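Contents: one structure, followed by commentary.
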């Protein structure tokens, strides 16, 4: 059995704020070590539970955070930030399941460091359904008929996953106090929880169905200001919804919608003031 792991950072236990997840800030090296250790707990249990291959995709920021020299020796790692499918790079229909580790809640909702890709996004929608990174990534997995078996992160990410994916296993390694304060498990306790939940998720795999994306989905992105919407609207095929900061794109399938999101958010970041 092949298992796919997408590993973000904001949902890792013990990381309360951006000083742990920004490579230019003081706690980053501590954060990436804990991130690597959490990934290893899940990888080790995946192999113990019968997986024959585990592919890990570093899915945070520049996507070169996981310490390959400390990673489980049997895992394969995708690292680096120029990826056609970003947080779900390398995922295809050869995988039996996916695991999302270190995930956080979507923008405009409570949760530790909650956001959706960039600071300027208020909401993502697929058709009329609000989604965050978790939802978009789960839809791409569903496009390949791959179920998301487990989501680990803060309590709000776990709740978001449970509302989105029936029977998904969740592992809440920290509880939200505010967007930059948490009650967290120690690394050892988090490791035990992740080990137990990974084992259960793999045992439970036949009860979880893929999150099937709609045919020809409409991607809508609500930005924080009109300047960001104007930049995103430079992508061919988009339009700004009248009287809003929402940019829409009619996609031929979920893969095109996902890549449109990547381009639109990249363009929106060119806005120099709010």
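Placement of Cβ uses the backbone N, Cα and C atoms for every residue, glycine included.
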Suppose a student reads Swiss-Prot and sees 8, 60, 104 listed for Zn(2+) 2. Which of 37, 133, 162, 163 should they find annotated at that same site?
133
Around the recorded Zn(2+) 2 site, report the further residues of that chain (criterion: Cβ within 8 Å of the mean position of the Cβ atoms of 8, 60, 104, 133; site residues excluded), sequence-ordered.
9, 10, 11, 59, 87, 102, 103, 153
Relative to the Cβ position of residue 10 (Zn(2+) 1 binding site), how many further Cβ atoms are located within 10 Å?
26
Could you find out if DSSP has residue 133 (Zn(2+) 2 binding site) as helix, strand or coil?
helix
